[in-house]
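Listed in TrEMBL for this protein:
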type	residues	note
DOMAIN	83-483	domain 'Amino acid transporter transmembrane'
REGION	1-21	region 'Disordered'
TRANSMEM	114-135	transmembrane segment
TRANSMEM	176-195	transmembrane segment
TRANSMEM	215-232	transmembrane segment
TRANSMEM	244-261	transmembrane segment
TRANSMEM	281-299	transmembrane segment
TRANSMEM	311-335	transmembrane segment
TRANSMEM	355-379	transmembrane segment
TRANSMEM	400-417	transmembrane segment
TRANSMEM	423-449	transmembrane segment
TRANSMEM	461-483	transmembrane segment
Amino acid sequence: MDNFKKKSTNRPNLEYTPIRPQWTGSSKSEVNNYIFGNMKDSMSDVAAQTVAGSTLPLVGMPREDEEAGSYNPFEHRKLTHPTSDVDTLVHLLKGSLGSGILAMPLAFLHAGLWFGLGATLAIGAICTYCIHILVKCSHILCRRAQIPSLGFADVAETAFLAGPDGLKKYSRLARFIINLFLVLDLMGCCCIYIVFVATNVKQVVDYYTHSHYDVRYYILLSLIPLILINLIRKLKYLTPFSMIANILIGAGVGITLYYIMTDLPEFSERKGIADVHHMPMFFGTVIFALEGIGVVMSLENNMKTPQNFIGCPGVLNIGMSVVVVLYALVGFLGYLKYGEDTKGSVTLNLPVEDILAQLVKIMIAVAIFLTYSLQFYVPMEIIWKNVQHNFNEHKNAAEYGIRIGLVAITVFIAAALPNIGPFVTLIGAVCLSTLGMMFPAVIELVTFYEKPGYGRFNWILWKNIFLILFGVVGFITGTYVSIEEFSQHLEEV
């Protein structure tokens with residue numbers, strides 16, 4: 001650090017804070033030479049998990065070092081238990097294969113049999129490409145900042161800090177927006193999980209008791225069990241729940257496919273292309289089901305060989321190919337089987353009088369209930385890290401209070417909007433079109449602004465403008481149609 005200070009004495013007046021610099025009047029070239037703060041020595045050997053946390057320590061380095069390739073972030077990651085390529089592939093599949101697969105037949109209902117198949121594969125390719133963009137920008141920014149690894153919000157903040165001068169002041173805003181949409185996305189998923197659980201349990205209970213209580217009662221009855229399971233604060237204690245949920249989901253989806261593939265009708269009995277008005281519902285549902293961008297950076301940051309994540313064929317390409325094909329298969333066959341009667345969760349189409357079908361509904365309900373606590377963990381961590389400094393005393397009581405409050409909010413929202421189809425579309429359109437498409441495109445535009453540039457004919461610029469516009473159209477139309485569906489449902493009630 002002394003050497004760094006000596007070299008800096010002849011430069012313009014730079015006032016450093018402990019975290020990042022405040023520039024007080026330097027030329028553009030001089031500012032670009034020293035973008036980041038003065039923590040290089042302390043960052044070079046810290047664990048990747050710490051670096052990718054909510055506070056981003058930034059380092060001082062000339063921008064030219066990145067082009068020279070003198071810093072390899074992969075060599076500086078200190079991981080206690082790094083994951084192999086196979087382990088990472090398994091985690092990617094687990095993170096991407098969730099309750100969304102049960103809603104895929106409904107997505108095909110809104111798109112048509114053949115258009116839905118082609119569009120699912122196309123959207124899957126776009127989502128995978130956007131993940132490539134995010135990871136690639138992360139690697140570039142790690143070299144520029146000489147930081148071993150970056151989380152999703154860190155990538156956005158670092159891109160703006162290293163980008164054009166006019167954007168540096170928006171770096172903290174970029175981090176805030178990413179975290180905000182991550183919280184909204186994951187909390188929205190928690191609401192959807194509650195509705196999934198309640199509707200499947202209600203169908204079985206109604207069959208045996210001949211009662212027909214509103215699904216909202218089942219949603220409200222889940223409040224106390226959800227509060228109790230989410231009082232567990234340590235992730236390691238939630239791991240057994242994840243294992244149980246994975247087994248139940250796998251078995252449930254397998255048995256569901258058995259029912260779906262029995263006595264399939266002819267292709268001609270289903271619409272090849274659905275009404276254009278319903279297409280936004282398809283887009284929102286598919287992107288909700290496919291988008292696993294929230295877990296990507298944490299998986300890549302903990303790999304033993306991170307260069308294999310976006311290689312060819314690469315862990316990401318293999319994993320997303322499996323996910324996209326499986327989702328397309330379930331959606332295609334599910335709609336082919338049930339046609340216009342397809343429900344928000346395909347398990348609700350299984351014959352309720354059949355014992356095996358009842359078992360599937362309960363298995364799926366239990367699995368999604370257990371998954372809630374894992375989904376809730378991330379937004380709770382983001383929120384708590386940003387508010388814990390307000391509680392000097394009784395921090396444990398404050399954290400438990402926030403946990404109980406957030407769980408209650410998700411339950412009350414689910415009770416107010418207990419319709420799976422438009423709920424899934426709304427979360428997909430609002431959160432995942434932004435996180436999965438628009439934000440990666442913006443990050444690449446900022447990262448590539450000066451070096452290496454936008455390429456011949458500015459093709460990178462035009463490509464990212466297309467991705468942003470595609471995301472905006474999905475955002476607006478998906479939100480509008482889902483709200484319209486909610487309104488119709490409320491009028492019927």
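Glycine is no exception: its Cβ is also placed from the backbone N, Cα and C atoms.
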Per Cβ pairs under 8 Å, the stretch of 176-195, 244-261, 311-335, 355-379, 423-449 packing most closely against the transmembrane segment (114-135): 311-335
Contact call for the transmembrane segment (311-335) and the transmembrane segment (281-299): at least 3 Cβ pairs under 8 Å, seq gap 6+: yes
The transmembrane segment (355-379) and the transmembrane segment (176-195) contact flag, 3+ Cβ pairs under 8 angstroms: yes
Cβ pairs under 8 Å between the transmembrane segment (461-483) and the transmembrane segment (281-299), at least three: yes
Residues of the parent chain within Cβ reach of the transmembrane segment (176-195), under 8 Å, 6 or more residues beyond its termini: 54, 99, 152-153, 156, 215, 219, 222, 226, 294, 368-369, 371-372, 375-376, 378-379, 382-383, 386, 406, 409-411, 413-414, 417-420, 423-424, 426-427, 430-432, 434-435, 439
Intrachain residues whose Cβ lies under 8 Å of the transmembrane segment (400-417), provided they are six or more past its termini: 187, 190-192, 194-195, 198, 216, 219-220, 222-223, 226-227, 230-231, 233, 376, 379-380, 383-384, 387, 423, 486
Intrachain residues whose Cβ lies under 8 Å of the transmembrane segment (281-299), provided they are six or more past its termini: 52, 83, 88, 91-92, 95-96, 98, 100-101, 103-104, 106-108, 110-111, 116, 119-120, 123-124, 127, 130-131, 134-135, 138, 149-152, 155, 182, 185-186, 274, 309, 316, 323-324, 327, 378, 421-422, 424-429, 432-433, 435-437, 440, 474, 477-478, 481-482, 485
